[in-house]
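Noted in Swiss-Prot for the protein shown:
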type: ACT_SITE; residues: Cys108; note: active site, nucleophile
type: ACT_SITE; residues: Cys205; note: active site, cysteine persulfide intermediate
type: BINDING; residues: Gly17, Met18, Ser19, Gly20, Gly21, Val22, Asp23, Ser24, Met43, Gly132; note: ATP binding site
type: DISULFID; residues: Cys108-Cys205; note: disulfide bond
type: SITE; residues: His133; note: site 'Interaction with tRNA'
type: SITE; residues: Gln348; note: site 'Interaction with tRNA'
Amino acid sequence: MAFVPFQAPQGSTIAVGMSGGVDSSVTAYLLKKQGYDVFGIFMKNWEETFSSGYCSAAEDLEDARDVCQTLDIPLHTVNFVQQYHDRVFQLFLDEYRAGRTPNPDVLCNREIKFAELALYAQQLGADFLATGHYAQRLQSDNHEAALFKGVDAQKDQSYFLHQITPAQLNKAIFPLGGLQKKQVRAIARERGLTTFDKKDSTGICFIGERPFRAFLQQYLPAQKGLMKTPNGEIVGEHMGLMYYTIGQRQGLGIGGIAGASEEPWYVLEKDLSNNVLIVGQGDHPLLYHRVLIAGQLSWLNEAPIAGRFYHAKTRYRQSDQKCRVDYAADGRLQLTFEQLQRAITLGQYAVIYDGERCLGGGVIEARMQGKQDVSS
């Protein structure tokens, strides 16, 4: 099947999700330059009163206004605070409470940006919603929309978009997918957009620059417990299982163990029933798994074919990992990797790729040490 770049029909009205950053700024500029009827929308998803600390929403809105004024396009604002709290943030808390590590940015794209924001854009007369994501929307021979990686491998964001629905993708445009980040900044500078040198946002949007532990403590009471080795030896005390992720090295505070080597300590497992953090040193075997099970599956077009080999990512910016796709009796996805995978984390997403094309994926719910041969 052949795929070609998608071009919105001339005369289309396109809404741009304006974040106040350089990517959405250049997205709006490029679309207007191409002759489309463009307007911006700035959405507010978080209420500053929900938590103490600094929130950049006010500054971001001012930056979005400056850019839209420079480009001479209208800017609308909309409040999705309640929707975000109910459909993204509450699940984020539930997952951490259950000892898993969620990715709220994936949920925000599916539940808010390409659902609530897209609907609001449509009500304002938009034919399409454009965002500053580094991903590509291509079109197949039979005119189906397909999601491909952005050409900038360091910035590709198809991982965060894999849970959107085919209907949502059909109304989405990603003008930056064929550009490098440095090209985007250069365009912004040449056009005189005030966001050309604005720092990229990092981390979870509603946490900002605050320490993660301090933020989470406002919502989930911490229960301290023991750190133990797989053999049951007590080596320290943890501050609450929710604060730790599989493979974590920093912040464990383990030292001076008699008879222990100088190798660093890592989080291996979480024993939820006993409130125990299992830790080990160096490249411990419990850090590595060959098989994972994923549920809550979402496919952009057709599902991967059982028994075939694809590539997968189990976290953002991971290099593609070759794996065989199978399905468990209950319909969940089973991936068997060619190479052992380090620190597969429950609650994160396993995303499947066929070459550069993103097929979709699901939430990692289990992992196994499986040793079976999966050579193709």
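Cβ coordinates are placed from backbone N, Cα and C, and glycine is handled just like the others.
Feature map: annotations from Swiss-Prot on the structure.
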{"residue": "Gly17", "record": "ATP binding site", "Cβ contacts under 8 Å, 6 or more apart": "Ser24, Gly40, Ile41, Met43, Lys113, Leu117, Leu129, Ala130, Thr131, Gly132"}
{"residue": "Ser19", "record": "ATP binding site", "Cβ contacts under 8 Å, 6 or more apart": "Phe42, Asp60, Ala64, Gly132, Ser201"}
{"residue": "Gly21", "record": "ATP binding site", "Cβ contacts under 8 Å, 6 or more apart": "Asp60, Asp63, Gly132, Thr195, Lys198, Asp200, Ser201"}
{"residue": "Asp23", "record": "ATP binding site", "Cβ contacts under 8 Å, 6 or more apart": "Gly132, His133, Tyr134, Leu176, Val184"}
{"residue": "Gln348", "record": "site 'Interaction with tRNA'", "Cβ contacts under 8 Å, 6 or more apart": "Thr101, Pro102, Asn103, Thr314, Arg315, Val363, Ile364"}
*asked:* So if I draw a 10 Å sphere around the Cβ of Cys108 (active site, nucleophile), how many other Cβ atoms end up inside it?
replied: 24
*Please determine which of the recorded positions listed here (Met43, His133) has the lowest count of neighbouring CB atoms within 10 Å.*
Met43
*Does DSSP put Asp23 (ATP binding site) in a helix, in a strand, or in coil?*
helix
*Going by DSSP, give the three-state secondary structure for Cys108 (active site, nucleophile).*
helix
